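Trainee: First the structure, which I've put down as structure tokens, then a few questions once you've had a look.
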Amino acid sequence: MAKEKFERNKPHVNVGTIGHVDHGKTTLTAAITKYCATQGRAQFMAYDQIDKAPEERERGITIATAHVEYSTDKRHYAHVDCPGHADYVKNMITGAAQMDGAILVVSAADGPMPQTREHILLARQVGVPYMVVFLNKVDMVDDKELLDLVELEVRELLSEYEFPGNEIPIVKGSALKALEGDKSELGEPAIQQLLDAVDSYIPTPKRATDKPFLMPVEDVFSISGRGTVATGRVERGIIKVGEEVEVVGLKPTAKTVVTGVEMFRKLLDEGQAGDNIGALLRGLKREEVERGQVLAKPGSITPHTKFKAEVYVLTKEEGGRHTPFFNGYRPQFYFRTTDVTGSVQLPAGVEMVMPGDNIGMEVELITPIAMEKELRFAIREGGRTVGAGVVAEVIQ
């Protein structure tokens, strides 16, 4: 089958399978592609193709991830599946594969297991906003009461991590049966039911251009007779000439007006998400703006020094530390375009953190950075990346 051209006419949504090892994430992923392929809406990816996902490097971290795509009547989906538990942890923390929603796979024969819990917690911490559950291997459970019990357990676990456990759709089926082309209710119809649930329950994400304007400052220079220009790539939103922006981070927040937007040496009326622009700033001196600050829609983002984070610590094979670190560890935290020193407070009862661990921690920076929940950062020592993290909660 020829690769169909990417249809721009359907909304695009990023999803992924999460859950405990051997509960059937990869089998389900294969079954979805097979089912959609019968309708000409995907290319079938066999279990082995997905399981042998090539390793990718994201910010120096090795992550094995399989990417598949498929369409429903309503949408086009990009779907990620990871072979190993560590790959999931790294993926979710680095945001290498941003998920608008997740499909949590739970084996009905085993019920929720430790990684089920850990993946739900990670999803909560890193800001995966929505979840749909596929209760797999239902054909292996004869007792209806046992099945109801597992469903209840899953709902309670989701509620425990502040997901709406009572509302979340739970679809029962057998990924293996579906993959074998079984037409009984646990086979292909269960896949259709799951796709319907994902279509209706996971909302289409806001496009980057609809969000409030933000541009990390990469460089600053002055143009004689015109003023100060800050350059960078617009992360989100739109900036129009004549609009007011705030310069946030590192120094007290300053207000200014963008009097010109330049791209490829041409003057524009506006710059939008994805554009590399130069923004001409009224009334600011060259030394009042610096790399590491952001230009943002007034009131949309504030500077902070203290936050809770979810962090993955690189192994020495990934170029990370060879030794553990302890409470009070003081590395650099690289946010967007700059390094800021900060000190680490480990959770009560945690003595040290080993390379390869993932851990929740509190961080206090020595200078404030424009910050919000879900912001990604790297942990560095002398320019070398030793960890990756995401802001789980802003404290002050």
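Including glycine, each Cβ sits where the backbone N, Cα and C put it.
Since the structure is predicted, the reported quantities are computational estimates derived from the model, not experimental observations.
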Trainee: Under Swiss-Prot, which of the candidate ranges 81-84, 109-112, 329-332 is annotated region 'G3'?
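Mentor: Within the set 81-84, 109-112, 329-332, Swiss-Prot attaches region 'G3' to 81-84.
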Trainee: Among 60-64, 245-249, 280-284, find the range that Swiss-Prot records as region 'G2'.
Mentor: 60-64
Trainee: Can you identify, from 136-139, 272-275, 300-303, the stretch that Swiss-Prot calls region 'G4'?
Mentor: 136-139
Trainee: How big is the gap, in Å, between the Cα of GLY19 (GTP binding site) and that of THR26 (Mg(2+) binding site), rounded to a whole number?
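Mentor: So the Cα of THR26 (Mg(2+) binding site) lies 10 Å away from that of GLY19 (GTP binding site).
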Trainee: Here the binding-site residues are LYS25, HIS85; which one has the lowest number of other Cβ atoms no more than 10 Å from its Cβ?
Mentor: HIS85
Trainee: Restricting to the binding-site residues CYS82, HIS85, VAL138, which ones have a CA within 10 Å of the CA of THR26 (Mg(2+) binding site)?
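Mentor: Matched binding-site residues: CYS82, sequence order.
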